[in-house]
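Before any comments, here is the structure.
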Amino acid sequence: MAKDIKFSADARAAMVRGVDMLADTVKVTLGPKGRNVVLEKAFGSPLITNDGVTIAKEIELEDHFENMGAKLVSEVASKTNDIAGDGTTTATVLTQAIVHEGLKNVTAGANPIGIRRGIETATATAVEALKAIAQPVSGKEAIAQVAAVSSRSEKVGEYISEAMERVGNDGVITIEESRGMETELEVVEGMQFDRGYLSQYMVTDNEKMVADLENPFILITDKKVSNIQDILPLLEEVLKTNRPLLIIADDVDGEALPTLVLNKIRGTFNVVAVKAPGFGDRRKAMLEDIAILTGGTVITEDLGLELKDATMTALGQAAKITVDKDSTVIVEGSGSSEAIANRIALIKSQLETTTSDFDREKLQERLAKLAGGVAVIKVGAPTETALKEMKLRIEDALNATRAAVEEGIVAGGGTALITVIEKVAALELEGDDATGRNIVLRALEEPVRQIALNAGYEGSVVIDKLKNSPAGTGFNAATGEWVDMIKTGIIDPVKVTRSALQNAASVASLILTTEAVVANKPEPAAPAPAMPAGMDPGMMGGF
């Protein structure tokens, strides 16, 4: 395919147009008075959201060069979301600010490599300064406060706080759609382990790339499944029940995996295969945990069992299983309460006798998986559109809350980024490195400027007053008051803030150091088909 190539200023200008189109769409959502964006969907009602990464992923531009710029900013939002679960709009605003300030200087003759060095040095200093002012989060009220700020709902904050209290900060919390109008919290027995599907063709939801199995059977074995004939009798029995199947095995390869995938694609039956969690003896113990939780039996040579001889009675069962590319969650296994209690007692006794810190940690993980359960936040709303929007907000809030517990919190509303300006400004750099530092200094102001603008205030006035205010004091854009941000509950997880800055600086630096851009040439429009010989053009008028 032929290529279009742009160089130096033309290349950067085209990419920046794409950066601006995406960033200008996303940044209207920032802050307590941020607006919503309506996204057209191929099927069903449009999606109304203020979630930065969701908006960024939807944007595709017609011009290939502009689209590359937009996609780089979308990558910033996605990366920030993957690391911290929130802060995607802040990351987008920071990227746009660094790109614009940097481009001015590059156009004026500054060296992009020197600018990049200065940006990297200034960003590292800002991140260390953010970590230094972070305050730890502990206690139910503090956790609820973080969640409430992110979701813009005190009720959601309470649900997330209670869920984390009941299943632990690292416990499994899932978000589902409720059948009613009200949002509610439910804790059910469940287990999560860090193994995802072996093939992406096994997913049932192509948008979220997850496989949801309702009321499935579960085959548990420490053997490798390579020959489909070994499990064919069992598959035929499961097929008769019209229920899905989860296969947990040492591995599924050879002819077995493509055969399972092909039958899944054809709709013959719904099957998902995952690798068994853990290694060695620990793997055997975890498989036994899963078997007891689900009421199944581990097919293993240790018990003299062979796959080809396995019957339906060896299969475990559960109310629901969700599998993504990295993990599997089993909810409401069918194992007996007595067997599960005995297994928990056994693990507790092993905890008391072990002398190894590593073994103790792994035993505690297994105990949490068996005893902790899974918290389910069931989201209710009057309409499907409102339901989707609420789910996205709760997902963001949950991720932000976990990030806050992990690394602590700082003053929200962009205040923390203004606070660290003093540390960055103190860096003694020269030449283009100093220019890079100054670019970051200007970018650190941008989130506050945008939050104020979205709330109807003049950003520059707010920033000037903020720089001269006592530490911790900030601008509450929701009320227009100057308050102690942390005491008022306007807080951001430091992990979210520093991830947004790091990812923005990284991608913006790449754009500034770009000297050539290569894109596919648009395909020429196909010519209209020739009219058959002898046909009178006037004959077409009747259609």
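Keep in mind that glycine also has a Cβ here, set from the backbone N, Cα and C atoms.
As the structure is a computational prediction, the values presented were derived from the model and not from experiment.
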**Report entry** THR29, LEU30, GLY31, PRO32, ASP86, GLY87, THR88, THR89, THR90, GLY413, ASN476, ALA477, ALA478 bind ATP per Swiss-Prot; candidate in ASP432, ASP464, ASP492 listed for that same site
**Finding:** ASP492
Report task. Select the most exposed residue of THR29, THR90, where exposure means the fewest other Cβ atoms within 10 Å, treating these as the binding-site residues. Result -> THR29
Query - Other C-beta atoms that fall within 10 angstroms of the C-beta of ASN476 (ATP binding site) - result: 18
